[in-house]
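S.K.: I have a structure here, written as structure tokens, and I will follow up with some questions on it.
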Amino acid sequence: MANVQVIFVAYIAVIAFSMVYGDDYKPFGEHNSYYGCKKQTDEFCNKICKLHLAKKGGFCHQPAPFVELCKCLDIDYDNTYFLKAMEKQCPKLKGNVN
């Protein structure tokens, strides 16, 4: 029984840690497609990731042959979506601000 409790506590700690510190994700553009960076520099991806509120910026990443996508470091999953990140930065986009 003690082993199950230890595993449960460790599991909760991992979830809490990832919620607080974010994770590494590929962000989605305005049309829910990934940002390609085949002809771009890491600076392009870094700017995109900062736009998506990534705390540590980003870089051009090659997850598969012939595919190069921006990858953001330390970003909340919700912020990987363009409009959600914009709503956090500009609350008036939600339409419920007086």
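Glycine is no exception: its Cβ is also placed from the backbone N, Cα and C atoms.
From Swiss-Prot, for reference:
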SIGNAL    1-22  signal peptide
DOMAIN    23-91  domain 'LCN-type CS-alpha/beta'
DISULFID  CYS37-CYS60  disulfide bond
SITE      PHE44  site 'Important for blocking potassium channels'
DISULFID  CYS45-CYS70  disulfide bond
SITE      LYS47  site 'Important for blocking potassium channels'
DISULFID  CYS49-CYS72  disulfide bond
S.K.: What count of other C-beta atoms do you get within 10 angstroms of the C-beta of CYS49 (disulfide bond), across all chains shown?
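M.R.: Excluding its own Cβ, the number within 10 Å is 28.
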S.K.: Using Cβ atoms only, which residues of the same chain lie under 8 Å from CYS60 (disulfide bond) while being at least 6 residues apart in sequence?
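M.R.: The answer is CYS37, GLN40, THR41, ASP42, PHE44, CYS45, GLU68, LEU69, CYS70, LYS71.
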S.K.: Taking only the residues in the domain 'LCN-type CS-alpha/beta' (23-91), give me the average pLDDT of this model.
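M.R.: So the average pLDDT across the domain 'LCN-type CS-alpha/beta' (23-91) works out to 93.
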S.K.: So, by DSSP, how many helix, strand and coil residues make up the domain 'LCN-type CS-alpha/beta' (23-91)?
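M.R.: Each residue of the domain 'LCN-type CS-alpha/beta' (23-91) counted once, the result is 23 helix, 23 strand, 23 coil.
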S.K.: Sorry to bug you, but what's the C-alpha spacing from LYS47 (site 'Important for blocking potassium channels') to CYS72 (disulfide bond), rounded to the closest Å?
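M.R.: Distance (Cα to Cα, whole Å): 10 Å.
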S.K.: Using a 10 angstroms cut-off on Cβ to Cβ distances, just flag whichever of CYS37, CYS45, CYS70, CYS72 is the loneliest among these disulfide-bonded residues.
M.R.: CYS37
